[in-house]
Amino acid sequence: MASESKSYARRDRLLEIEATVRKWWEDEDVFRAESCENLPKPGEKFFSTFPFPYMNGYLHIGHAFSLSKVDFASAYHRLRGANVLLPFGFHCTGMPIKASADKLRREIEQFGNPPVFTAEDTTKVPEVQEESSDTIALPIPGQFKGKKSKVAAKAGGQVYQWEIMRSFGLTDSEIANFREPSEWLYYFPPLAVEDLRAYGLGCDWRRSFVTTDVNPFFDAFVRWQMRKLKSMGKIVKDRRYTIFSPLDGQPCADHDRATGEGVQPQEYTLIKMEVVKPFPLKLGPLEGKRVFLAAATLRPETMYGQTNAWVLPDGKYGAYEISETEVFILTERAALNLAYQNFSKNPQEPSCLVELTGYDLIGLPLRSPLSVNEIIYALPMLTILTNKGTGIVTSVPSDAPDDYMALQDLIKKPALQDKYGVKTEWLPTEIIPIINIPEFGDKAAEKVCLDLKIKSQNDKEKLAEAKRLTYLKGFTEGTMLIGEFFGRKVQEIKPIIKTKLIETGEAIIYSEPEKPVMSRSGDECVVALTDQWYITYGESEWRKIAEECLSKMNLYSDETRHGFEHTLSWLNQWACSRSFGLGTRIPWDEQFLVESLSDSSLYMAYYTVAHIFHDGDMYKGSKSLIRPQQMNDEVWEYLFCDGPYPKSSDIPSAVLSEMKQEFDYWYPLDLRVSGKDLIQNHLTFFIYNHTALMANRNWPRGIRCNGHIMLNSEKMSKSTGNFRTLRQSIEEFSATGTRFCLADAGDGVDDANFAFETANAAILRLTKELTWMEEVLDVESSLRTGPPSTYADKVFENDMNIALRLTERAYKDCLFREALKNGFYDLQAARDEYRLSCGTGGMHHDLLLKFMDVQTRLIVPICPHFADYVWRKVLNKEGCVLTAGWPPSNEPDLVLKSANKYLQDSIVLMRKLLQKQLSGSKKGAKKGAQVTAVPEGKLKGLVYVNEQFDGWRAHCLRILQSRFDQQTCSFPPDTEMLAELSATLLQEGKNLKAIQKVCMPFLKFKKDEAISIGTQALNLRLPFGEIEVLQSNKDLIRRQLGLEEVEIYSASDPDDVSIAGPHASLLTQNPPSPGSPTAIFVTSTSVCPPS
């Protein structure tokens, strides 16, 4: 293997095969999808899609992982005989391309063309290290060796777009062209098509298109969709708090973000705590104005209990001009958010009058709304986070554990007071009870801190637990003890108090991102109060319809369903308009563009007719018989919404009928596959829009979500070099190795792992399999013929039937790792076991050919290039394997499967017994057990079988037989059966602990077996004859154990036992039981001859 490990020959052979097969597919146009006049019956067609990717770079393995799921599913249905449509489009809407192009333009203006960056301007990205492999060492083409990458750019650091473009392999002269956004649209989509063709995507490329107004047909489609939603009252203009990019000057939706996808605005009540005059010297410039410490709180109802305010001593603050008369003291970050919410003298521009630190604020006397204390003071708190809220915190020690412990630290530690210049008279003298909470009383924070033995404000874990215990209960069960709402529930009066504070001018509404959000342009986002167009997701009646649709869909996992249900529970109005970027203009308000998650919720319908517009030209559709301006609302209504025939249209009636037929045939969408992160936006929008615009019969049928992909168990990141484009992966591992590895990476919604070791092993395994098939077929005349008759023949054929059924189920459930296990790994193991079992008799000709046929077809969805090559060139079959049909199979014989497992397990057991007897079992000797050592040499195996359970095992089986529910195929809880078993065995003097230790594993094993193969598993005998199975395979046992001879005997027959002679004692030491034979290994002279 040493020379082979340095060779690329195996990988190169797969690449050659793929090129050959790709040419066949192109010549035969195998993925062309045509509708029929008659509507399809269930199962006759399969229409699936993948969210079209952004075209601001090459496709990578992350794209390929999600895409592989829909590709495998489509290929499976194609193999089963369905008419399959899998289209693929390219998304260019929104900010990603525009932001990148603008970055290039700025870099050229600042640093020249090509730009000259200084050493300080750039940060080197570690080079990709070549992966090691025990099988094949392959080169890594196109290593990313540039500066900091796009992933690094997402962190918001100084990363140059020019260097990112260089990492794509572009020259400086080429890069300059990308300052124009249109260059991206024409450069990357054709490269993506190349990569996807090499990958083997089963796509009808006639239907491909790009978004934005560069494609006038799609532009017309989106305009119709938006007008339709507006006419239905589902698009409105409103002022709402929205995540906003100051640099871009517009809202920043999920797909416009580098980090923070899914983050929503968090609303606070901003309490205005007025600074009591006279002002200290530091605040002198603010004379003549009302100055407030502005504290953001989620609990306005607790303001009655304020004892002080908190500031961070080392924190940086500012006095910001909110209006002509009012000044707020808070952090710069909070001031910026307020400026975008119309709380700044200069809109969107915070005006700082005085820069301050927390030290400057300590000791300020304050009047705070609702507080029982007329004057409270600003005191130091060491755990305040200035990236959350305003940096000013209200203190309510009766109900906030953090406040209670910080106050205790100050009161009990004079040194801390001295350090920060805190005067004794500033410290509150008592805690004010304001809320009674069952379990915690009227000073919940004090009680929980004492209960948890919290020592200081720095005990973060215990304080977090204290908050968890008290906060929710305070809201749901708390009762007010003070003020005009005395005796009323907190959850009732909280919104009332909030409204009252705002109406009296003692507080305002303040909002900020609940977590940091970075735009793709590189700035940190704020929350802005914007006046723009919104889609009314979350509206009660619309939500009910969306929930109805969801309830009927196949979502393939409970986690996915829970994710959608949660999203539907909170999703509200969505800003659908943007001021900058690429896309379609809002038709009634053309100063705005349709944002990228709003033009991508219904385009699956566009795919059904896209080939009539484009026919391979993904841009303007130069070959089309239709002009874009002919696609008016009346035509779209007719095609997609059961509207009347558009009599005024000058589109030929035959073309209109063809488009209508295409949509009616392919819709509804059978499957959409995506990463789980799109549940919270795109996929839910997809459901909402279909339920609003489509008839019930055309609602989507299924969504399958997956997790993210890791490379070699590490997060995929170009900045660390742990990254692969799809093109790189194909060059490195071949398309076949890449696809195999993607299937093996994982099912479900958890993160999966693309392991290079697996891809390399796939290359080795598949090329070896190809060689084996060719070698077998070269000598097929020497293979055994006639009816398959041996035990090994029957087992092998049964294993193929089992693999067919399990693989079919896995593909149907979109469990592709499971399909690979059942349809490849397990099938390979069955073939290897068959080859070993056949011995001198040889393998059967027909069974081997059936195996090659079955193996080839089962791997079609995952490795189509390999499968089609084997089908045509190795097996000499007619036609293309992609549509060859699912292999026929017989009903699997589960008893035979169980018998073969018994045989294999018995051989393993016998091997252990042989090793034990040959060694004299030192372990057994130490324990004083009698062990007979056998001299080395030619040995004979005496295998003893007890075919019927007795004793406590028989008791267990009788109980299981009586308690098995055949309708539900289930048993009652173990505790019930153990009680029944104990009642019987305790009467016989058995110890209860001994019963549990010995019986429970046996009970569990037999329960599982019964659920798997039926009640026959509960018989006192196994569902097959053990002696018969072992007798039929004596030669296999002999060869596997290296024995001269093997005989099978019954342990219940005294004559058989006597044959063991002096070694019969071993049957007492290790008595056989059903499923567990005992073997004695002797020389031929040390046994008694049969009588």
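Just so you know, glycine gets a Cβ as well, placed from its N, Cα and C.
Remember, predicted model here, so these are calculated numbers, not experimental data.
Looking at 53-63, 746-756, 933-943, 1043-1053, the stretch flagged in Swiss-Prot as motif ''HIGH' region' turns out to be 53-63.
Taking Swiss-Prot as the reference, the stretch among 10-14, 180-184, 715-719, 885-889 described by the feature motif ''KMSKS' region' is residues 715-719. Taken residue by residue, the motif ''KMSKS' region' (715-719) breaks down under DSSP into 2 helix, 2 strand, 1 coil. Here the motif ''KMSKS' region' (715-719) returns a mean pLDDT of 82 for the predicted model. Neighbours of Lys718 (ATP binding site), defined as other CB atoms within 10 A of its CB across all chains, total 23. Broken down with DSSP, the motif ''HIGH' region' (53-63) shows 3 helix, 2 strand, 6 coil.
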